[in-house]
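What Swiss-Prot annotates here:
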ACT_SITE  288  active site
ACT_SITE  295  active site
COILED    113-138  coiled coil
DOMAIN    7-96  domain 'CS'
MOD_RES   9  phosphothreonine
MOD_RES   116  phosphoserine
MOD_RES   137  phosphoserine
TOPO_DOM  1-151  topological domain 'Cytoplasmic'
TOPO_DOM  173-191  topological domain 'Lumenal'
TOPO_DOM  236-244  topological domain 'Lumenal'
TOPO_DOM  266-282  topological domain 'Cytoplasmic'
TOPO_DOM  304-324  topological domain 'Lumenal'
TOPO_DOM  346-364  topological domain 'Cytoplasmic'
TRANSMEM  152-172  transmembrane segment
TRANSMEM  192-212  transmembrane segment
TRANSMEM  215-235  transmembrane segment
TRANSMEM  245-265  transmembrane segment
TRANSMEM  283-303  transmembrane segment
TRANSMEM  325-345  transmembrane segment
């Protein structure tokens, strides 16, 4: 009898955009769902298989602000996906009106990953419109938006030219010298690569201070990962600078960036070249894993050199007195490379699917 009177609640995961709320209800084989909204409250009740077996599950969520009626939902074999439109397009500091989060509610980290480039463009356009209205009301003849666009255009142009120089240089030398060009790649283009990677710090700063709408974390991870390879693995070890792997690392990095920076450059002047957009969202599929593989090979090749030279190794103080080799940290870094590959590959795939996936169908 106690089980019959008990209200069972499923696990619910949530995320948001400026205009929408996303809820993922962990119920499989759902039947007879009753999903509705009244002002700022979502009502859910359905028969399905959850944590307590096959039962009727229900919950009510009082949102932080008003939402539109008639939520859109989609049933899959494993879950229920619900999309709720906000009444006013804005970012909420939390989902529910009450500050304490319900026990059955948790963030949907897959959805909370960085917004796609298309969503960033929409946010940038909205911010541009608001800035323009504000500046016009103040009677200012100039707009901060134009200055921001000009600054970002020049930044992306400089990076595009730098990586293009590296890419063309390596391509021409390979066509002329063949495999012989592999072994002096570092001494030929390292200065330009140093310049481009140091300038990439600005990209992370731009995201951190709000000049761009890009998320900070992905930019920071790529910056630290590449600079570790460039400055530590290649820069401090002369024995690594004449290895063929340097060519492949630099070539793959530059191949990725010439399309990325050219895409961002055209976005700054409100141009949309469909061919370039397709390349920007597609070429990463082979290039990104190959780039990570080349980085991993460079780390593996450097391990015996660091062991032999003892560089960056240290001995723990008394009473432990254990020598810690730098190669130990390199082995950990190898695991991090492939973990990062998995996370970023999944995220980039979702970006591409959101850009080129099938149009959403409203399912009642």
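Cβ from N, Cα, C; glycine included.
Listed in sequence order, 256, 341, 344, 345, 348 are the same-chain residues six or more apart from residue 288 (active site) with CB atoms under 8 A from its CB. Straight-line distance linking the Cα atoms of residue 9 (phosphothreonine) and residue 295 (active site), rounded to a whole number, equals 46 Å. Under a cutoff of 8 A between CB atoms, and with a sequence separation of 6+ in the same chain, the neighbours of residue 295 (active site) are 225, 229, 249, 337.
For the topological domain 'Lumenal' (173-191), the model's average pLDDT works out to 95.
The Cβ of residue 9 (phosphothreonine) has 19 other Cβ atoms within 10 Å, all protein chains considered.
Across the range of the topological domain 'Lumenal' (304-324), the DSSP-based residue counts are 6 helix, 4 strand, 11 coil. Secondary structure at the residue listed as 'phosphothreonine', taken from DSSP and collapsed to helix, strand or coil, is coil. For the topological domain 'Cytoplasmic' (266-282), same-chain residues at least 6 beyond its ends with a Cβ under 8 Å from one of its own Cβ atoms are 117, 121, 149, 152-153, 156, 259-260, 351-352, 355-356. Remote same-chain partners of the topological domain 'Lumenal' (304-324), defined as residues 6 or more beyond its termini with a Cβ less than 8 Å from a stretch Cβ, comprise 236-237, 239-240, 330.
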